[in-house]
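Trainee: Supplied in structure tokens, the structure appears directly below.
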Amino acid sequence: MPVIEVQNLRKRYGDTVAVRDVSFTVERGEIFGILGPNGAGKTTAVECVAGLRVPDGGTIDVLGREPRDRSLRRAVGVQLQESQLPDKMTVQEALQLYASFYPDPADWRALARELGLADQLRTRYAKLSGGRKQRLSIALALIGNPEIAVLDELTTGLDPQARRDTWDLIESVRRSGVTIVLVTHFMEEAERLCDRLAVIDHGEVVALDTPAGLVDAVSAEQRIWFRPSAPLDDALLLAAPEVATVVRHGQQVEVTGTGNLLHAVTSVLATHRIIANDLRIEQPGLDEAFVRLVGKDG
Amino acid sequence: MFTRLTISELKLLAREPVAAFFSLLFPTVLVVILGSIPAFREPSPDLGGLRVVDVYVGIAVALTLAMLGLQVTPLALATYRERGILRRLATTPARPELLLAAQLAAALATAILSSALAIAVGRLAFDVPLAGNLVGFVLAFVLTALGIFAIGLFVAAVAPSGKAGNSIGTLLFFPLMFFAGLWTPREVMPSVLQKIGDFTPLGAGERALHETMTGHWPALVSVTVLVGYLAVFGFAAARLFRWS
């Protein structure tokens with residue numbers, strides 16, 4: 001049963017159409033990604049879901065309620081893009097203050113421990129590193145024990161290590177049963193975390209699938225490189241139905257094709273007792289799928 | 001929730017040393033400095049037999065309200081909007097309106113403390129009599145606070161950033177404090193300036209404070225002017241306030 005249902009959402013600011021036509025559903029317990037280039041309308045869409053903006057058209061249903069219904073504020077935790085805290089507020093004060101807003105808050109000490117903030121409870125916001133600020137922001141989105149957490153541009157501005165730590169954290173939050181809506185423009189993040197993804201471009205959903213499904217749908221082509229241990233006739237490889245092309249680069253052979261290409265190529269080589277040295281396989285990732293879907297780099 | 005927010009606002013104010021000094025201690029410092037000048041402890045015929053230091057206790061109270069209402073509050077609220085703090089609050093069960101109310105409550109509490117300090121020091125060190133009409137004085141204090149905070153809220157509502165909020169507040173602060181008599185007590189101003197001052201929020205406020213300290217009731221014109229500022233700027237602030 002879906003916890004969020006968005007149908008034909010539309011939102012414009014003056015003459016600019018931010019969201020043209022967006023529909024998707026989010027199932028309980030999943031990590032649902034909203035992926036798209038900057039300015040695609042991702043943030044506007046989730047701000048409508050979070051009840052911060054009133055859509056111009058379409059319907060949104062969150063846990064059976066209308067997004068502006070104030071009773072949802074207890075059930076939906078939101079981490080907004082570029083939302084800060086007063087410079088001189090400490091981590092502990094922020095956690096305690098935000099916990100006091102909810103009838104049944106999470107234990108802020110446990111949350112701080114889980115988020116790796118336990119050693120900086122008395123540190124003021126201005127003195128926190130970017131990664132810690134982001135963690136605190138996530139903690140504030142989770143402090144009310146929400147059923148749904150909406151996280152916008154979770155790891156933008158974080159260094160690679162902090163980004164990976166944050167991803168681990170999101171996975172552990174999901175394991176605790178929270179449904180997560182994740183807005184991102186990082187392919188790696190979407191591929192690693194999301195169960196399903198909506199790709200938004202120019203205010204419309206251009207694809208909606210699992211990360212693997214998106215990749216398959218866009219491109220099934222694979223590429224294999226190797227250096228044969230003995231001379232090898234191209235025709236032997238081309239005879240296999242999976243193989244599309246064979247190209248030589250000096251000693252290197254490059255084979256492209258579809259289906260179980262690796263198995264087809266290694267079978268041919270094994271039959272002729274040839275060993276493939278320096279074997280490399282290139283499978284198009286979400287990056288490539290994304291570029292093809294939105295026609296430009298995210 | 002509200003109490004916690006108010007305490008949080010008070011803590012944050014206390015951590016701004018400059019703002020905390022000026023809103024909490026500076027009015028008292030002013031009374032002490034003026035009271036230390038022997039001539040200002042002599043009754044002055046220009047002031048109807050009062051001493052300069054007597055008059056400045058009321059001015060110090062107006063000064064506290066002006067600094068909190070015109071400088072501290074607009075800076076804090078416009079910064080909260082600029083940094084997305086009001087928007088974040090809108091996603092929680094706490095309404096952002098509650099933060100506004102907490103900020104005003106914290107400013108009012110600070111103003112009461114600061115005024116009490118200035119009055120107590122005036123009384124103990126320089127024998128400045130306590131308010132002759134206590135009920136009237138409380139009324140004058142509350143009305144002046146409401147009028148000036150409404151203007152501060154209006155500044156916070158229209159200021160695009162925290163810096164802008166603070167600049168606009170400072171720009172208003174000097175002329176308004178002039179009419180409250182910070183540089184020349186209202187009582188010795190030329191009558192034209194007095195008349196103009198009566199229609200400014202701090203001029204009216206200081207007059208009401210002064211009159212109640214000397215045992216009278218505030219003039220109807222002062223009360224009307226203060227209620228007017230509260231109504232006009234309070235309404236405009238409520239209509240114009242942007243949360244993000």
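From the backbone N, Cα and C atoms, a Cβ is placed for every residue, glycine too.
For reference, TrEMBL lists these features for the protein:
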TRANSMEM  B:12-35  transmembrane segment
DOMAIN    B:18-244  domain 'ABC transmembrane type-2'
TRANSMEM  B:55-77  transmembrane segment
TRANSMEM  B:98-122  transmembrane segment
TRANSMEM  B:134-157  transmembrane segment
TRANSMEM  B:164-183  transmembrane segment
TRANSMEM  B:219-241  transmembrane segment
Trainee: Looking only at residues six or more beyond either end of the transmembrane segment (B:55-77), which have a C-beta under 8 A from one in the stretch?
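Mentor: Cβ under 8 Å, 6 or more out: 9, 12-13, 19, 22-23, 26-28, 30-31, 34-35, 40, 47, 100, 103-104, 107, 110-111, 114-115, 118-119, 122, 128, 141, 144-145, 148-149, 151-153, 155-156, 159, 162, 165-166, 168-170, 172-173, 176-177, 180-182, 185, 187, 202, 205-206, 209-210, 213.
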Trainee: Against the transmembrane segment (B:98-122), which of these stretches has the most C-beta pairs under 8 Å: B:12-35, B:164-183, B:219-241?
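Mentor: The stretch with the most contacts is B:12-35.
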Trainee: Which sequence-distant residues neighbour the transmembrane segment (B:12-35)? Criterion: at least 6 residues beyond either end, Cβ under 8 Å.
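Mentor: Residues 41, 52-53, 56-57, 59-61, 63-64, 67-68, 71-72, 75-76, 106-107, 110-111, 113-115, 117-118, 121-122, 125-126, 128.
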Trainee: Counting only residues 6 or more past its boundaries, what in the same chain has a CB within less than 8 Å of a CB in the transmembrane segment (B:219-241)?
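Mentor: Same-chain residues near the transmembrane segment (B:219-241) but 6 or more away: 100, 139-140, 143-144, 146-148, 150-151, 153-154, 156-158, 198-201, 204-205, 207-208, 211.
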Trainee: Do any residues, 6 or more residues outside the transmembrane segment (B:164-183), come within under 8 Å Cβ-to-Cβ of it, and if so which ones?
Mentor: 55, 59, 62-63, 66-67, 70-71, 73-75, 77-79, 151-152, 155-156, 158, 189, 193, 196-197, 200-203, 205-206
